[in-house]
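Report on one structure; see the data block that follows.
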Amino acid sequence: MLFEIKGMKIFWLQIFMSLFVMPTAFLFLALLRIGPDSEEVAFLLSGFIVASLVGSFFGALALRICNLMQIEVLELYSTFALSKGEIISNMAFTYALFALPQILISIVVLAFTSPSFNAFLMSFSILWVILLIALLAVWLGLVVRNYYYALGIFPLLAWISILLTPAYYDMAKLNPIFQMVLFINPITHCLSLLRIGLGLTPPLHFLWSLLYTSILFGLLLILTLKRIKDIYILEKLF
Amino acid sequence: MRKQVIQIENLTKVYQNGFKANDQINIHLEEEEIVGIVGPNGAGKTTLIRQILGLLKPTKGKILIHGKDTLGDQRIIKEEVGYVPQIPLSYPAITVIDTIRYALQLEGLYGKQLQQKLDMTLSNLGLESYANVPGYQLSGGLRKMVLLAIALAKKATILLLDEPTSMVDIARKQDIWKLMKRLQKRSILLASHDMNEVKKVCHRIYILVGGRVIAKGSAAEIAQMLKMPVDIEIVPINADYIMPILQKESILWEQEGSLFRISLQELSEGIELLKELINAGGIEYLMMESPSFEKVVTNLVQTNAQ
Ligand SMILES: Nc1ncnc2c1ncn2[C@@H]1O[C@H](COP(=O)(O)OP(=O)(O)OP(=O)(O)O)[C@@H](O)[C@H]1O
Ligand SMILES: [Mg+2]
């Protein structure tokens, strides 16, 4: 674990930018809107948390998983007494750690500005969402496998799934077809889980989202565990 | 027979592009044995080793480590196998000492014991003066030394070494050979292009060409596998007695002053001839090039590549 973090030294600028500077800039924008309407702040900040998890944590982790399938990387790791499962969970944990600072900042701001802030629900949701997004990233990384394809896929995928999430706009104002699309997007449900701790999600929606993400989590877990056993050097690059 | 630590049965690897890199390979490695794999570039040595490590999926066949099939469950690989890759890899941002320390920590060492083992490993591999150098600054040969240090840090009973000394200077090479022979309770599978190395350290050798094992045995056995011509140069004490012998034997020879150059079909003929000459009158000077291990391997590889 510590070793993985030490090894990331060379990426410090990239990590600093994508996991800290960029989201912090968003956070700043969201804070600019703090006014008498604290509900709007809660709405934007919760949107920001999910967007930053998807935009930086998800993308970076999924890319890293694909990176593992490259000869040099897998060979290097296999010189140590590490199983493939251990390597993957170390990576997920490390990237999650890097994503935490700005999320914590947002949560602190929320705690002070949102009147219906519920610390218990908030921490439960945030942990659950991080876990789900990590699993999603690992699974997709293991499916795509090819790092060069991944470079083309994941940034776009992250961008689209944020777009199709009511992070910064109100879902109720969309037409029903779009609402359906948004409802399929698991990120929408992550958001709805987060907003319960801010009093922004109706309890019924919360239950639906919990059910949806739980089923998805179980399914992904099975698929991922299967795929972890099947991690090999990528034999074909193009 | 000693216990077999690796058994490979009918191993075939066809890459996704349809290229067959390993073809029905059967090899084994016994306890405390050093086995060499020799073969030209592209013969399939690295492909074979990567399959044993679970880095490539075999197309057909079986790989057993300590009797356990590695295909379904790779835990035994993690526990029992140390690996030095052919490519001189390094953790770019991590220093030599941190890299080796991590390998030892993964073996459950800590505190004083860890420090002792760390110092020992660094000094065994002559890496003390590079302890605080980050990976990206290491030269090719030094990277290989660090990789070897990581492999040796493991308690693993099996070492897979893919050209471990390929970039290493001659002094370090000799240290590594000594070290390899000193290791106890470990078995080594060694891919190499260095015939000298293979001859020095390996108990048995497999020759791999085009993905197939074409010969196996000890270096001495392989050296005798082909009838190779022998060239002898001698200066007899007295030229009188040599003529009748050379003419009688109907062999190829030429004379240059007092020096005779004689060509024979194989080693045993040469030894017979020398005996006869010594009994007849003795020789003053002898130079003989016997069929070397290198020559036989080159020959085997060439004839099989065609
Ligand atoms: N991913 C791949 N797809 C297709 N063919 C491959 C792939 N990787 C290796 N090969 C081919 O498999 C053959 C064996 O390669 P391998 O690396 O095992 O050889 P080697 O014996 O280790 O050679 P060297 O002595 O140069 O290290 C080569 O012909 C190589 O081109
Ligand atoms: Mg090779």
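Here the Cβ of each residue, glycine as well, is placed from N, Cα and C on the backbone.
Taken straight from TrEMBL:
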| type | residues | note |
| --- | --- | --- |
| TRANSMEM | A:12-34 | transmembrane segment |
| TRANSMEM | A:41-63 | transmembrane segment |
| TRANSMEM | A:92-112 | transmembrane segment |
| TRANSMEM | A:119-141 | transmembrane segment |
| TRANSMEM | A:147-169 | transmembrane segment |
| TRANSMEM | A:181-200 | transmembrane segment |
| TRANSMEM | A:206-225 | transmembrane segment |
Close approaches to the transmembrane segment (A:41-63) from elsewhere in its chain (Cβ under 8 angstroms; 6 or more beyond its ends): 15, 18-19, 22-23, 26-27, 30-31, 33-35, 91-92, 95-96, 98-99, 102-103, 106-107, 109-110, 113-114, 117, 126, 129-130, 133-134, 136-138, 140-141, 144, 147, 150-151, 154-155, 157-159, 161-162, 165-168, 187, 190-191, 194-195, 198-200
Outside the transmembrane segment (A:206-225), six or more residues from its ends: residues with CB under 8 Å to it: 128, 131-132, 135-136, 138-139, 142, 186, 188-190, 192-193, 196
Non-local residues, at least 6 beyond the ends, that sit with Cβ under 8 Å of the transmembrane segment (A:181-200): 39, 42-43, 46-47, 49-50, 53-54, 110, 114-126, 128-129, 132-133, 136, 161-162, 164-167, 171, 174, 206, 208-210, 212-213, 216
